[in-house]
């Protein structure tokens, strides 16, 4: 079970989210059959979107798009306020590692591009916000987005660790934000702690990485846990939803599918679930 823990410093001037997204990224890897670099890039995007979405309320949905010039192409993710996320990567077959360390390469494969966030409040008027990719590592790009676009000083760490067979071993991250009222002394103390923090990969490799993240963020500062919530990879696709999409096509196209193809097969991009619509399904749409 994946989870997110929301916390607030005793002073009320800092808040932090810590996430275990291991099963989320495992599921994404299994559904899309991604190779190492693609797994890490997609996983980081899913974690970033979980953080963005749980920060919203109600039925808001967040679409995060990494529109990259590099080999990954585009990474698309959609999440709701419960931290339920789905996503896919345009190129799932990237597998590049540094020869000396075996470290999975992501940044150069993402390259330049845009970090685009679409916030849908359900009003019919989604809000778009976009910043340039500054490193392609996604975590740094996410932090830049929060600071530049949302005007909220933030520290972010997120990563995906793979085992020797390139399967997801652990995935997760954190978000630390400065809230109104924080003093310069407090900010300096937290900044120093973040600068001296071990690499996110080593924290995730800890036996209890959630507690390791909290300890690294807060040190000796007191904090309270506001909530602990389940999160995960969840796709809300259905045969009825795709049937509605087919119903929007011209009847001549539906007739052609029925007569020439004897039906139609559709695969959900987000979860790779296959749906088959036979001649009877198409006939009902044509006569509907």
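In case you wondered, yes, glycine gets a Cβ from its N, Cα and C as well.
What Swiss-Prot says about this one:
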| type | residues | note |
| --- | --- | --- |
| DISULFID | 235-237 | disulfide bond |
| DISULFID | 268-271 | disulfide bond |
Long-range Cβ environment of residue 268 (disulfide bond), under 8 Å and at least 6 residues apart: 235, 237, 242, 274, 275
Number of Cβ atoms other than its own within 10 Å, given for residue 271 (disulfide bond): 18
Residue 237 (disulfide bond): tally of other CB atoms within 10 A of its CB: 17
